[in-house]
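Down below is the structure, laid out as structure tokens.
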Amino acid sequence: MKTIAVLTSGGDAPGMNAAIRAVVRTAIEKGINVKGIQRGYSGLINGEIFDMNRHSVSDIIQRGGTILRTARCPEFLKEEVRQKAANVLRVFGIDGLVVIGGNGSFMGAQKLSKLGVKTVGLPGTIDNDLPYTDYTIGFDTTLNTVLDAINKLRDTSTSHERVSIIEVMGRDCGDIALFSGIAGGAESVIIPEIGYDFNELCKNILEGKLRGKMHNLIILAEGVGGAAELAKKVEEVTGIETRSTILGHIQRGGSPSAFDRMLASRMGVKAVEVLMEGKTSRVIGIKEGKIMDQDIDEALAVPRSFNKELYDIANMLSK
């Protein structure tokens, strides 16, 4: 293993820079050359590749986003495009590729490995929607961003004695809503894994009002969606002023938390070690606090499980 490359793909996540830093500095320490690929698979296809050194990753561990930029690349679904990408890697003398991203990025790495490219994936996605690992890079920071918004919205909701519906990211996985709902003391959490009863929701709001609650916070995952429409319906039925807030892309930005910096650093080191061991088509994850690697085919085949215990806790503590 003489030269490896690293890229970030798909949606950005806080902690990606910490992972890049760990990959670059670990590889250099082990005598391996490192190249950076800009703009994900799109940049790989176009040969946007440059040499990296220790200085390339100075003062980036605290920065959100990704210094390598990122992009979505739908054309990577085509066999001829992936073949071109594999050829580009060979032309640049790259022996191994570290891919930092989510499900779609891992599928790209999986396809490249079938073409003889040694690949290792790091889970970089705020949604925490890769079931083979307990946590993904960026999830914890996003929770803290959402929690900050919840705290501020509670202040104004209490002042006006209103209902606040906060829509957070999470198209297929409701972990952001579920975890932030518990940590933020929300009265209701609505996630795609479990449907909700609108009448029951309104009943809970009214019962809370009778018990003297000064506000009511509802955390809604974008996979369920329709925060503005839901707010309108809630106000019509309950007669209580209701406002909706969509947090949007603010959830992707910001300096990564200590947890995400540690997680990304540990995973970055492990990725280089896995490549040096001659393994390929692997992904890095964390299980019960331990950094591990797993075959990418097996990882992508792990069914998504729903944490019913946490959901029950959210409901119990909200009353």
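The backbone N, Cα and C atoms fix where each Cβ goes, glycine too.
The DSSP secondary structure for ARG72 (ATP binding site) is coil. Neighbours of ARG72 (ATP binding site), defined as other CB atoms within 10 A of its CB across all chains, total 16. Annotated ATP binding site per Swiss-Prot: GLY11, ARG72, CYS73, GLY102, ASN103, GLY104, SER105, in sequence order.
Per Swiss-Prot, the feature ADP binding site maps to ARG21, ALA22, VAL23, VAL24, ARG25, ARG154, GLY185, ALA186, GLU187, ARG211, LYS213, MET214, HIS215. The Cβ of GLY185 (ADP binding site) lies under 8 Å from the Cβ of ILE150, ARG154, LEU217, LEU317, SER318, each of which sits 6+ residues away along the same chain. Annotation note: GLY185 (ADP binding site) sits in a coil segment as assigned by DSSP.
The Cβ of ASN103 (ATP binding site) lies under 8 Å from the Cβ of THR125, ASP129, LEU130, LEU300, each of these being in the same chain and 6 or more residues away along the sequence. DSSP gives ASN103 (ATP binding site) a helix state. As annotated by Swiss-Prot, Mg(2+) binding site applies to ASN103, with the evidence given as sequence analysis.
Under the heading substrate binding site, Swiss-Prot lists THR125, ILE126, ASP127, ARG162, MET169, GLY170, ARG171, GLU222, ARG243, HIS249, ILE250, GLN251, ARG252, citing sequence analysis as support. Non-local contacts of MET169 (substrate binding site) by the CB criterion (under 8 A, 6+ apart in sequence, same chain) comprise ILE126, ASP127, THR142, ILE176, ALA221, GLU222, LEU247, GLY248, GLN251, ARG252.
The active site, proton acceptor annotation in Swiss-Prot covers ASP127 and is backed by sequence analysis. Under DSSP, ASP127 (substrate binding site) is assigned to coil, being neither helix nor strand in the three-state scheme.
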* Asked: Rounded to the nearest angstrom, how far is the Cα of ARG171 (substrate binding site) from the Cα of ARG72 (ATP binding site)?
  -> 17
* Secondary structure at LYS213 (ADP binding site), reduced by DSSP to three states -> coil
* Structure fact -> Counting other C-beta atoms within 10 angstroms, the emptiest spot among the binding-site residues LYS213, HIS215 is LYS213
* To do: To the nearest whole angstrom, state the Cα distance for the pair SER105 (ATP binding site) and ARG21 (ADP binding site).
  => 19
* **Coarse DSSP state, helix versus strand versus coil, of ILE250 (substrate binding site)** => helix
* **Other C-beta atoms that fall within 10 angstroms of the C-beta of ARG171 (substrate binding site)** => 13
* Counting other Cβ atoms within 10 Å, pick out the least crowded of the binding-site residues GLY102, GLY104. => GLY104
